[in-house]
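Report on the structure given below.
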Amino acid sequence: MLLINFFIAVLGVISLSPIVVARYILRRDCTTVTVLSSPESVTGSNHVQLASYEMCGSTLSASLYVYNDDYDKIVTLYYLTSSGTTGSTLALILPVWSNNWELWTLSAIAAGAVEITGASYVDSDTSVTYTTSLDLPLTTTSASVPTGTAANWRGRSIYQVVTDRFARTDGSITYSCDVTDRVYCGGSYRGIINMLDYIQGMGFTAIWISPIVENIPDDTGYGYAYHGYWMKDIFALNTNFGGADDLIALATELHNRGMYLMVDIVVNHFAFSGNHADVDYSEYFPYSSQDYFHSFCWITDYSNQTNVEECWLGDDSVPLVDVNTQLDTVKSEYQSWVKQLIANYSIDGLRIDTVKHVQMDFWAPFQEAAGIYTVGEVFDGDPSYTCPYQENLDGVLNYPVYYPVVSAFQRVGGSISSLVDMIDTLKSECIDTTLLGSFLENQDNPRFPSYTSDESLIKNAIAFTILSDGIPIIYYGQEQGLNGGNDPYNREALWPTGYSTTSTFYEYIASLNQIRNHAIYIDDTYLTYQNWVIYSDSTTIAMRKGFTGNQIITVLSNLGSSGSSYTLTLSNTGYTASSVVYEILTCTAVTVDLSGNLAVPMSGGLPRVFYPESQLVGSGICSM
């Protein structure tokens with residue numbers, strides 16, 4: 001969220017009046033927000049009051065109540081970040097010469113925007129989408145709405161939770177949750193709120209939560225819909241996680257922390273408990289007739305796209321009834337719904353389930369209606385199949401690189417060459433690799449420690465997730481080393497871990513997020529610089545991301561914890577000869593040689609992450 005404090009400075013010919021502070025989070029959806037219908041009584045020289053405002057594109061229009069007491073005034077509107085940094089002045093000049101209250105209207109181009117990602121910085125890009133929230137000295141009102149354009153999401157780091165399994169409202173860490181029972185275990189929005197310090201302590205700037213809409217209530221052959229993917233009514237909430245007030249409170253608390261909210265949604269299907277022939281369509285809303293769904297057929301041929309899009313997922317325990325998204329009425333209903341969903345619950349981004357099961361031309365108008373960042377699940381490792389979906393959605397989950405990453409690091413001596421090849425392939429196949437969702441685990445895939453218990457291999461795979469191209473996504477429990485395999489074992493309750501903030505992987509993930517966030521803070525072109533491989537061999541890959549002076553060099557290996565100690569010499573790092581760089585995981589200083597080569601001390605198969613010493617000063621990284 002873009003958290004901004006505006007203040008109105010009133011400059012008089014004779015004296016300077018006190019500053020009147022108003023706290024905003026702006027959006028650009030052209031909605032007029034009324035603050036005061038008439039001026040409030042004031043004390044002292046508080047003679048400027050905001051009556052209404054709207055942000056339309058980059059134009060701020062507003063009306064002010066201004067009171068003059070025998071001297072002219074020029075009212076200038078500035079903005080101030082929450083950390084106290086003054087942003088660009090908005091060009092508003094109001095000469096006032098009457099001796100009473102007057103309502104002045106004005107319009108100005110917002111010359112800048114403020115993005116808060118840990119540390120504040122001024123961003124000259126005014127094309128971003130803002131959110132409105134208002135806390136004035138004399139009156140209070142609020143309108144909670146979305147913020148997250150694709151450009152803003154690039155710099156985020158996402159912590160994914162299965163809402164039911166992350167944290168309970170009562171804070172219990174002993175409540176029993178047997179994954180094989182497949183029942184609701186009591187995780188909630190309030191539970192997440194209570195644990196945001198835990199999440200933010202790892203450096204995350206966004207969370208992704210389970211689908212929020214009402215699901216079928218039945219105890220099916222696969223248990224209950226605790227995961228949220230078995231829709232029944234898209235206009236109602238799944239109250240097992242909490243009510244509307246709880247969800248809004250979660251969004252508000254995230255936004256107060258400068259964090260974003262991503263919500264998982266399903267468009268492709270509704271669910272039924274029982275045989276496909278017995279589906280009761282009247283139970284669904286808003287599509288309460290069979291006319292809105294594809295005729296029954298199971299998906300049997302994934303090489304046939306028509307079969308993939310128009311036939312049904314699931315089985316006769318839980319058939320997933322396929323919505324006919326080719327119908328204009330369905331398209332318009334979904335577009336209207338997603339706008340309302342986002343506005344009602346202050347959603348900043350969407351993860352979209354089963355994207356490849358909906359015809360591709362559905363997605364561009366849907367994303368336009370949403371108006372925020374969307375990342376689609378295209379469950380396929382072939383970039384020639386997956387990447388074209390980025391023509392219609394901002395991003396897709398990076399399954400093409402997920403499989404080579406697992407292959408490279410799940411065992412000693414895995415295939416590094418396949419990973420190198422895929423990194424290069426994606427640059428030509430995908431429209432923008434920096435908007436892909438980079439992940440190692442999720443609710444649909446086995447946890448990485450189910451493949452290996454070797455901490456060095458696990459650390460290398462996590463480092464790739466966070467420091468390569470794309471928006472990093474860490475699945476809840478990775479920081480505690482959870483090791484469940486396929487569904488349902490990868491959907492464990494987190495609370496038995498006690499939410500340790502001193503575990504090996506908690507501290508490790510925090511360090512990686514910290515250096516990434518710092519590189520973005522120093523120069524946000526780090527985000528659009530495409531990661532490239534500067535060295536590889538059968539056991540090692542070294543990557544550079546970031547322009548000269550702000551580049552992170554990441555060196556990964558699959559030698560495992562028993563790997564020997566040796567020195568790897570790297571060229572093409574872009575580091576200046578004789579400059580000092582820090583390996584930020586061990587806080588070791590290394591001097592680049594006269595030829596610009598970097599001597600990398602490798603040991604125990606552990607990853608190495610380098611950054612220029614000169615850019616670390618004041619960061620707190622390695623006590624700098």
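One-based numbering along the chain as shown.
Yeah, the Cβs are placed from backbone N, Cα and C, and that goes for glycine too.
Listed in Swiss-Prot:
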- ASP353: active site, nucleophile (ACT_SITE)
- GLU377: active site, proton donor (ACT_SITE)
- TRP230, HIS269, ARG351, LYS356, HIS357, GLY381, ASP444, ARG491: substrate binding site (BINDING)
- ASN268, GLU309, ASP322, HIS357: Ca(2+) 1 binding site (BINDING)
- ASP353, GLU377: Ca(2+) 2 binding site (BINDING)
- CYS177-CYS185: disulfide bond (DISULFID)
- CYS297-CYS311: disulfide bond (DISULFID)
- CYS387-CYS430: disulfide bond (DISULFID)
- CYS587-CYS622: disulfide bond (DISULFID)
- 40-133: domain 'CBM21' (DOMAIN)
- ASN304: N-linked glycosylation site (CARBOHYD)
- ASN344: N-linked glycosylation site (CARBOHYD)
- 1-28: signal peptide (SIGNAL)
- ASP444: site 'Transition state stabilizer' (SITE)
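The recorded positions close to ARG351 (substrate binding site), defined as a CA atom within 10 A of its CA, are GLU377 out of CYS185, ASN304, ASP322, ASN344, GLU377, CYS430. Here the candidates are the recorded positions CYS177, CYS297, ASN344, and by Cα distance the one nearest HIS357 (substrate binding site) turns out to be CYS297. Cα of CYS622 (disulfide bond) to Cα of ASP444 (substrate binding site): a span of 36 Å. Within the set of recorded positions CYS177, TRP230, ASN304, CYS387, CYS587, the entry lying nearest in space to ASP353 (active site, nucleophile) is TRP230 (CA atoms).
A count of other CB atoms within 10 A of each Cβ picks out ASN268 as the most crowded of the recorded positions ASN268, ASN304.
Proximity to the residue listed as 'active site, proton donor', judged by a C-alpha distance within 10 Å, picks out LYS356 from the recorded positions ASN268, LYS356, CYS387, CYS430. Shown in sequence order, HIS269, HIS294, VAL308, GLU310, CYS311, TRP312, LEU313, VAL323, THR325, THR354, VAL358 are the same-chain residues outside ASN268, GLU309, ASP322, HIS357 whose Cβ sits within 8 Å of the Cβ centre of the Ca(2+) 1 site. The Cα of CYS297 (disulfide bond) lies closest to that of GLU309, out of the recorded positions CYS177, ASN268, GLU309, GLY381. Comparing C-alpha positions, ASN344 (N-linked glycosylation site) sits nearest to ASN268 among the binding-site residues ASN268, ASP322, GLY381. The distance from the Cα of GLU309 (Ca(2+) 1 binding site) to the Cα of LYS356 (substrate binding site) comes to 7 Å. According to its DSSP assignment, ASP322 (Ca(2+) 1 binding site) is in a strand. Per Cα geometry, CYS185 is the residue among the recorded positions CYS185, CYS311, ASP322 nearest to ARG491 (substrate binding site).
Counting only the Cα atoms, the space from CYS177 (disulfide bond) to CYS387 (disulfide bond) is about 38 angstrom. Confidence for the domain 'CBM21' (40-133), expressed as mean pLDDT, is 45.
CYS430 (disulfide bond) has GLY381 as its nearest neighbour among the binding-site residues LYS356, GLY381, ASP444, going by CA to CA distance.
With respect to CYS311 (disulfide bond), the closest of these binding-site residues in Cα terms is ASP322, chosen from TRP230, ASN268, ASP322, GLY381.
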